[in-house]
Amino acid sequence: MGGWSALAKLLGKVQAYSPAGGKVWLSVLFIFRILLLGTAVESAWGDEQSAFRCNTQQPGCENVCYDKSFPISHVRFWVLQIIFVSVPTLLYLAHVFYVMRKEEKLNKKEEELKVAQTDGANVDMHLKQIEIKKFKYGIEEHGKVKMRGGLLRTYIISILFKSVFEVAFLLIQWYIYGFSLSAVYTCKREPCPHQVDCFLSRPTEKTIFIIFMLVVSLVSLALNIIELFYVFFKGVKDRVKGQSDPYHATTGPLSPSKDCGSPEYAYFNGCSSPTAPLSPMSPPGYKLVTGDRNNSSCRNYNKQASEQNWANYSAEQNRMGQAGSTISNSHAQPFDFPDDNQNSKKLAAGHELQPLAIVDQRPSSRASSRASSRPRPDDLEI
């Protein structure tokens with residue numbers, strides 16, 4: 001049982017990295033094969049050669065008849081079967097250990113690169129390559145190993161080989177022994193002088209164990225087939241799911257389009273707010289405060305808003321009847337767009353704007369014409 005415990009320990013490690021079907025298969029292997037073979041079956045076949053008797057006194061006849069009837073013992077045959085069907089699983093375990101070793105190396109290298117990154121080194125490309133390698137090996141966060149890529153192929157190959165070995169050993173057992181034991185075996189072989197009859201001990205008990213091991217082999221084969229289909233359809237499902245939404249998995253959701261002409265966009269995205277027009281009651285020397293227009297995305301917006309504000313101000317002056325008034329130099333506001341090389345315009349302080357006059361369509365009376373010819377003290381010189 002010492003050898004069985006070592007094999008069971010190795011297979012127990014595989015169970016931590018196997019899907020549901022693989023865990024069920026390992027449970028069947030442990031309980032109904034290894035445990036049963038190590039306890040009941042060995043005791044049932046313990047006296048198989050010593051209890052094999054033939055009705056002859058010829059020396060060596062019993063040995064050659066036993067060798068003809070049982071080329072290999074059932075117990076040793078089942079031991080070979082368990083070893084062969086476990087080897088692909090152990091190869092998968094070796095691949096898992098290889099991936100875990102790679103994970104340790106990649107994590108160590110990633111920590112070194114992050115330390116270098118804190119010192120100011122540009123290691124973004126190397127970190128991205130490490131992430132790609134982790135995805136290739138199927139390594140996820142918290143040390144979890146996901147079955148994909150080479151690991152998935154190794155697991156599928158192990159299932160195929162286990163199924164092939166199960167079928168092969170069932171066929172070999174059927175060819176050598178059949179699936180039942182007889183109580184009497186007829187033997188005619190040298191050095192037996194004639195045809196002799198040989199008798200087997202406990203044939204019914206041994207037949208029951210043979211049928212039981214046959215059923216366990218069929219169950220294991222069925223579990224392998226189910227697991228193979230499950231892994232295949234799961235891989236197809238994951239691939240279809242990855243192809244159906246590839247953009248959101250890489251770049252994330254799209255951001256809404258931004259209207260640079262809206263005041264909300266100008267405020268929340270770093271654009272300067274449109275310049276308010278001068279009020280008619282603005283004191284002399286009052287200057288408008290403009291924001292920073294280095295943001296190229298809002299330059300056109302600020303320019304159009306400023307022109308519109310001055311047009312609105314002109315209309316307001318005309319409506320209020322302030323004809324002939326001019327805007328003093330102190331009211332002039334420079335508008336500078338330093339980043340616009342082609343369409344840059346600047347209203348320098350000291351440049352007079354054209355007077356905004358209201359056109360009166362009514363005919364002037366004679367009194368008003370005479371009154372208008374007299375100078376008044378509050379008239380402004382132009």
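Using the three backbone atoms N, Cα and C, a Cβ is placed for every residue, glycine included.
Residues or ranges marked as compositional bias 'Polar residues' by Swiss-Prot: 317-332.
Taken from Swiss-Prot, the feature compositional bias 'Low complexity' covers 362-374.
According to Swiss-Prot, the feature phosphoserine maps to SER5 (among others), an assignment based on similarity to another entry.
Annotated phosphotyrosine per Swiss-Prot: TYR247, in sequence order, evidence recorded as similarity to another entry.
Among the features that Swiss-Prot reports, phosphoserine is placed at SER255 (among others), with the record citing similarity to another entry.
Residues or ranges marked as phosphoserine by Swiss-Prot: SER257 (among others).
Under the heading phosphothreonine, Swiss-Prot lists THR275 (among others).
Under the DSSP three-state reduction, SER314 (phosphoserine) is assigned to helix. When other Cβ atoms within 10 Å of the Cβ of SER314 (phosphoserine) are tallied across all protein chains shown, the result is 15. Taken from Swiss-Prot, the feature phosphoserine applies to SER314 (among others), supported by similarity to another entry.
The feature phosphothreonine is assigned by Swiss-Prot to THR326 (among others), with similarity to another entry given as support.
The phosphoserine feature in Swiss-Prot is assigned to SER328 (among others); the stated evidence is similarity to another entry.
Among the features that Swiss-Prot reports, phosphoserine is placed at SER330 (among others), with the record citing similarity to another entry.
As annotated by Swiss-Prot, phosphoserine applies to SER365 (among others), with the evidence given as similarity to another entry.
Taken from Swiss-Prot, the feature phosphoserine applies to SER369 (among others), supported by similarity to another entry.
Taken from Swiss-Prot, the feature phosphoserine covers SER373 (among others), and the record attributes it to similarity to another entry.
Feature annotation from Swiss-Prot assigns region 'Disordered' to 317-382.
Sequence-distant contacts of the transmembrane segment (24-44), counting only residues of its own chain at least 6 positions beyond either end whose CB sits under 8 Å from a CB of the stretch, comprise 1, 4, 7-8, 11-12, 14-15, 18, 74-75, 78-79, 82, 85-86, 89, 162, 202, 205-206, 209, 212-213, 216, 219-220, 223-224, 227. The feature transmembrane segment is assigned by Swiss-Prot to 24-44 (among others).
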